[in-house]
Amino acid sequence: MSQDPFQEREAEKYANPIPSREFILEHLTKREKPASRDELAVELHIEGEEQLEGLRRRLRAMERDGQLVFTRRQCYALPERLDLVKGTVIGHRDGYGFLRVEGRKDDLYLSSEQMKTCIHGDQVLAQPLGADRKGRREARIVRVLVPKTSQIVGRYFTEAGVGFVVPDDSRLSFDILIPPDQIMGARMGFVVVVELTQRPTRRTKAVGKIVEVLGDNMGTGMAVDIALRTHEIPYIWPQAVEQQVAGLKEEVPEEAKAGRVDLRDLPLVTIDGEDARDFDDAVYCEKKRGGGWRLWVAIADVSYYVRPPTPLDREARNRGTSVYFPSQVIPMLPEVLSNGLCSLNPQVDRLCMVCEMTVSSKGRLTGYKFYEAVMSSHARLTYTKVWHILQGDQDLREQYAPLVKHLEELHNLYKVLDKAREERGGISFESEEAKFIFNAERRIERIEQTQRNDAHKLIEECMILANISAARFVEKAKEPALFRIHDKPSTEAITSFRSVLAELGLELPGGNKPEPRDYAELLESVADRPDAEMLQTMLLRSMKQAIYDPENRGHFGLALQSYAHFTSPIRRYPDLTLHRAIKYLLAKEQGHQGNTTETGGYHYSMEEMLQLGQHCSMAERRADEATRDVADWLKCDFMLDQVGNVFKGVISSVTGFGFFVRLDDLFIDGLVHVSSLDNDYYRFDQVGQRLMGESSGQTYRLGDRVEVRVEAVNMDERKIDFSLISSERAPRNVGKTAREKAKKGDAGKKGGKRCQVGKKVNFEPDSAFRGEKKTKPKAAKKDARKAKKPSAKTQKIAAATKAKRAAKKKVAE
């Protein structure tokens, strides 16, 4: 006891003090293995029955609080030294929950009793247990490592004179008591923001104070406000950031242009959506005399203005990404940068990072180089305009006559790159998205279906090519950077997906380890089916989520060995860090020393990159969840006016309690509950993804066409209830796979389509996307020398531009 630094504190509390909790933990830390209570009593010099009883109670309390674990061998151990798992608690409206462990496919079940020791969003240390009666693997919470401290949004109510808030997030299945002096004038039914002052425990209720009253009129704006607070998305600019950007001017300073390649006369153009406000990429393409193309991709030079460790950079890092809600945007950067200095607006000088590439007539990336430049966009084009120009719209072709030839070359390049993607087996998703059209009250007036055309796709292929080049550049230099990682699907996910496909009469080829091309063939084979969109969604769900990581493992979906995000530094922090790394390497090639450069280059450590990868991946998921919440609310709000109306749709998911239907053209899902079906007992076949009536034999399967009536909409829970009017059996075995078609068409030949297209490789079958061959060291050295400076063509353009501007300046003087 004499060595216990908290001995005096314990003596004040107890007549016969025992060692403090801190001292016991320190003692066990120094010990090589767990200790029994008797061993601890001897080692801590505990004497007498009273002290032994005190030690027993203290150890039990420490076990209860998660500071110690009582093992099967009747010993006390530190949790971190045992086979415990760290994870995030996912609550459920019915009181129980799950533990999501990183790197583990299946979540662990948390009983309602366990959920009394934690809340949704907590990061905890837990002990995996056996399975419960329903076969669910359980876990026991050992310790809350990082408690959820964010504010909670909910509605304020009073009952019998007691005020309380019911959280809007149903995963928080507890009410929060509000003392009378902490209500901030909130009235019954008002939406409020609460800060917890006392977390719920097994014995006590949660207590909090209202810190903000949002009002009682639930609209689109409030739905966004709730999502921002629920998902802890930063949306207020700190004062230090406001002060920093206040000094920025509207025009690029002349000194910033010095030393850069002048591309202002190169007809670079931006191509974006009609409602886009920030333009971070511009493109130009021309045919090479010897065949193939030269492609310039110019990206806004955000790294020049946003540098670590300034307040602006700290906030951009904290946000991680811009968040695009249907009705508004929460930008990663202040508007003076995102829509101003960094945005490649037409006819104004802008700083940029350029990736200049050469592409062969077969779509091979034959060379690339990076450099800092100054540019002036020659036009702000939209996908719709470019598509109409390519389709022959005479008015638009006359309006943009100087650019038509360049746009046609871009389109020619796209067709070759698209073919190269197909040959290497990259998966192309032809997604149809819902676009909300709002009225003056910011409610959805109608939902329109948007489809991608070749203008969207050509920009996508140009960006992918620049991203590949950037990834290779930093990887070759062994510079720490964030790669965009898309891991292979797990064996369990593949098996589950195949089970569903089999029920629909379809097959995923590729054996135990299907390659990207196998998924691409499947999508091609179902493209004409009425349930193609649903099948594509299922395919996406069977795959792993893409993340950011400095350890490159390739991108499965794109069938690429190296891929990184380079093209959107205005709205994605990983792109900004990649720009800094590239600038650092360019300066290093010129003999620069130090971790920073004059124009914003920066050398990150691997440890910094690991932390950034985790943070940026989290920020991306956070943004997705928030925008999904708002979209779900908007859809429910829209469907309020549709109650009683009849729609057609397709069964998109089947569960034991019913099936979900996705309405045609609206992309809105609702539930047909099993209790609303014909009078029968329905059995859920998980493998076959169907509900089967025991008496009637009526079956409802994934992909079935149905007609439903909208019965009810629950705005609080974001739920829509349908009732079934009629059903129609989904097509089975419609459309052979591309492999089967090739096999049938090439009967009697030695090889089919698969043999012609690709060799068995890891991710990158096509040589178009491989690195330089090691058998040609001279060519490699030549390419390396070229990469250090812009091409002769670019230098010629820059020199002519410089001379022209110098002449103008002389005349002016």
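A Cβ is built for glycine as well, from the same backbone N, Cα and C atoms used for every other residue.
Swiss-Prot annotations:
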type	residues	note
DOMAIN	260-587	domain 'RNB'
MOD_RES	K544	N6-acetyllysine
DOMAIN	644-725	domain 'S1 motif'
REGION	733-813	region 'Disordered'
COMPBIAS	737-749	compositional bias 'Basic and acidic residues'
COMPBIAS	761-774	compositional bias 'Basic and acidic residues'
COMPBIAS	775-791	compositional bias 'Basic residues'
COMPBIAS	792-801	compositional bias 'Low complexity'
COMPBIAS	802-813	compositional bias 'Basic residues'
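Sequence-distant contacts of the compositional bias 'Low complexity' (792-801) (same chain, six or more residues past either end, CB-CB distance under 8 Å): 261-266, 294, 296, 356. Annotation note: K544 (N6-acetyllysine) sits in a coil segment as assigned by DSSP. When averaged over the domain 'RNB' (260-587), pLDDT in the model lands at 94. Within the same chain, residues at least 6 positions away in sequence whose Cβ sits under 8 Å from that of the residue listed as 'N6-acetyllysine' are H486, D487, K488, P489, S490, A493, F556. According to DSSP, the domain 'S1 motif' (644-725) comprises 3 helix, 49 strand, 30 coil.
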